[in-house]
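Colleague: There's a structure below that I have some questions on.
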Amino acid sequence: MTDLIQRPRRLRKSPALRAMFEETTLSLNDLVLPIFVEEEIDDYKAVEAMPGVMRIPEKHLAREIERIANAGIRSVMTFGISHHTDETGSDAWREDGLVARMSRICKQTVPEMIVMSDTCFCEYTSHGHCGVLCEHGVDNDATLENLGKQAVVAAAAGADFIAPSAAMDGQVQAIRQALDAAGFKDTAIMSYSTKFASSFYGPFREAAGSALKGDRKSYQMNPMNRREAIRESLLDEAQGADCLMVKPAGAYLDIVRELRERTELPIGAYQVSGEYAMIKFAALAGAIDEEKVVLESLGSIKRAGADLIFSYFALDLAEKKILR
């Protein structure tokens, strides 16, 4: 076999060569850190299903945002754990409610931090669903009105992005119209545009304190559907989304790849709680090298076409200076 013309190994034979020809690179600019903030508590609460993740007491949020910024993280996604739930999740659109307070604290503490406000109701409703319940399930159009109100409150508090995750038909259009009518024409929308009804969300329910009984299959997407997944994102683009998202990320890289070929908008991909937990528990068992697997998994998401990755590993990677 001495007559080989093509020898790809020539470009892999040293670390310098491998670095020179590396096609996909990761940096902290690629990452958004999701954070959980609980009101009316004094102490941090560990999320047992997500080793290393804590619920942050609201009273310590300013300190945590400073820590996050000092580590080099430039963006966070805020999730609130409310102690004031009701049938509609009305605390989420109160001007002095938890949604508003989280954005206000983050922006007042670190003005340059890009704050994305998760816009949903599952942490604010007594039933744990993502909107207003009616006899047939979640009332889509009644929920749209409330999403608009929540979005305006978050924007007024300083949120840079409204991030609707309720999976309601028409939510991007309703939010865009509400923001524009209230004078927030420059507040952007990061839409959870392709959000699957995934079993990988399991640990998140503990982290966010969800009261859900049942499932969300009537409004979140069937994991088996590829064409519908692309359609959902393209609908949100047509309604005025500034960025699109695929959630979860790891098991849906085919969707990220195809969406990248169908849109010019930035794409986010959410490495969800179950993906995080699998890596963490496998590493704790000594089955894998955590750092190497984290970087490989994040690299695969970016390689598939994601511009931003939402990951619970972001702060650890930043503080250990694994990424810069």
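Any Cβ shown, glycine's included, is placed from N, Cα and C.
I grabbed these lines from Swiss-Prot:
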- Lys195: active site, schiff-base intermediate with substrate (ACT_SITE)
- Lys247: active site, schiff-base intermediate with substrate (ACT_SITE)
- Cys120, Cys122, Cys130: Zn(2+) binding site (BINDING)
- Arg205, Arg216: 5-aminolevulinate 1 binding site (BINDING)
- Glu232: Mg(2+) binding site (BINDING)
- Ser273, Tyr312: 5-aminolevulinate 2 binding site (BINDING)
Colleague: Compared by Cα position, which of the binding-site residues Cys120, Glu232, Ser273, Tyr312 is the closest one to Arg205 (5-aminolevulinate 1 binding site)?
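Modeller: Comparing Cα positions, the closest of these binding-site residues turns out to be Ser273.
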Colleague: Expressed to the nearest Å, what is the distance separating Glu232 (Mg(2+) binding site) and Cys130 (Zn(2+) binding site) at their Cα atoms?
Modeller: 18
Colleague: Let me make sure I understand the structure: which of the recorded positions listed (Lys195, Arg205, Arg216, Lys247) has the fewest other Cβ atoms within 10 A of its Cβ?
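Modeller: With the recorded positions Lys195, Arg205, Arg216, Lys247, fewest surrounding Cβ atoms within 10 Å: Arg205.
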Colleague: What same-chain residues, at least 6 away in sequence, bring their CB to under 8 Å of the CB of Cys120 (Zn(2+) binding site)?
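Modeller: Expected: Cys130, Pro164, Ser165, Ala166.
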Colleague: Using the Cβ centroid of Cys120, Cys122, Cys130 as the reference point for the Zn(2+) site, which residues of the same chain not in that list have Cβ within 8 Å?
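Modeller: What remains near the Cβ centre is Gly89, Phe121, Glu123, Tyr124, Thr125, His129, Gly131, Ser165, Ala166.
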Colleague: Starting from the Cβ of Tyr312 (5-aminolevulinate 2 binding site), draw a 10 Å sphere and report how many other Cβ atoms land inside it.
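Modeller: Here the count is 25.
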Colleague: Show me the subset of Cys122, Lys195, Arg216, Ser273, Tyr312 whose Cα is within 10 Å of Lys247 (active site, schiff-base intermediate with substrate); these are the recorded positions I mean.
Modeller: Lys195
Colleague: Roughly how many Å separate the Cα of Cys122 (Zn(2+) binding site) from that of Tyr312 (5-aminolevulinate 2 binding site), to the nearest whole number?
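Modeller: Pair distance, Cα basis, whole Å: 20 Å.
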